[in-house]
Amino acid sequence: QLELITPFQLYFNPELIFKHFQVWRLITNYLFFGPVGFNFLFNMIFLYRYCRMLEEGSFRGRTADFVFMFLFGGLLMTLFGLFVNLVFLGQAFTIMLVYVWSRRNPYVRMNFFGLLIFQAPFLPWVLMGFSLLLGNSIIVDLLGIAVGHIYFFLEDVFPNQPGGGRLLKTPSVLKAIFDTPEDDPNYNPLPEERPGGFAWGEGQRLGG
């Protein structure tokens, strides 16, 4: 917005990334949502709202798993981006977050601008229809829904199937960085760390 850089320096371009080593485009293409306007504000509100609800809901106390979902979703979208003609993937990432939240909260009733009332799992599809009405390409929404469904299936559905298991495991390095280590039940705190601080002296009963 300040015109210090242009979108041409940010967009997703496999040739510039792999042949000219402009690797920053792998990240910056997720950070540009177009000029300030309705579409920009729409994405910001949804990104903030559903990212926060996921972090405070199903990912509460699981920061490393939350970060891993970001990395997994970003990697998968980047791979798909090689085969579709998309230059910015931020909106698809927002739709992915909305999809995961909606599938994990299937009984929440949604009210879309006071016009539609529906259950949460239909929200990504309603957003896609709204995007279509605005004349935008639905490929972005379909990509976000597809990646969100893959994550949800591997994380929530497949492990609970007969013969299923967890295929997505958060790397231990992420847990070491983001998760608070569990308390050691055998840890004996130093005197100054104990409730009440140091035991400066034992009291004696008068007349003892």
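Each Cβ is built from the backbone N, Cα and C atoms, and glycine gets one as well.
According to TrEMBL, the compositional bias 'Gly residues' annotation covers 198-208.
If you look up TrEMBL, you'll see 183-208 marked as region 'Disordered'.
The annotation transmembrane segment is assigned in TrEMBL to 27-48 (among others). Residues 1, 7, 9-12, 74, 81, 87-91, 93-94, 97-98, 127, 134, 136 of the same chain sit 6 or more residues outside the transmembrane segment (27-48) yet have a Cβ under 8 Å from a Cβ within it.
The feature transmembrane segment is assigned by TrEMBL to 68-101 (among others).
Outside the transmembrane segment (108-127) by six or more residues, the chain places 46, 95, 98-99, 101-102, 141, 144-145, 148 with a CB less than 8 A from a CB of the stretch. The transmembrane segment feature in TrEMBL is assigned to 108-127 (among others).
Residues 39, 69, 72-73, 76-77, 80-81, 84-86, 89, 91-100, 103-104, 124-125, 127, 167-168 of the same chain lie 6 or more positions beyond the ends of the transmembrane segment (133-154) yet place their CB under 8 Å from a CB of it. The annotation transmembrane segment is assigned in TrEMBL to 133-154 (among others).
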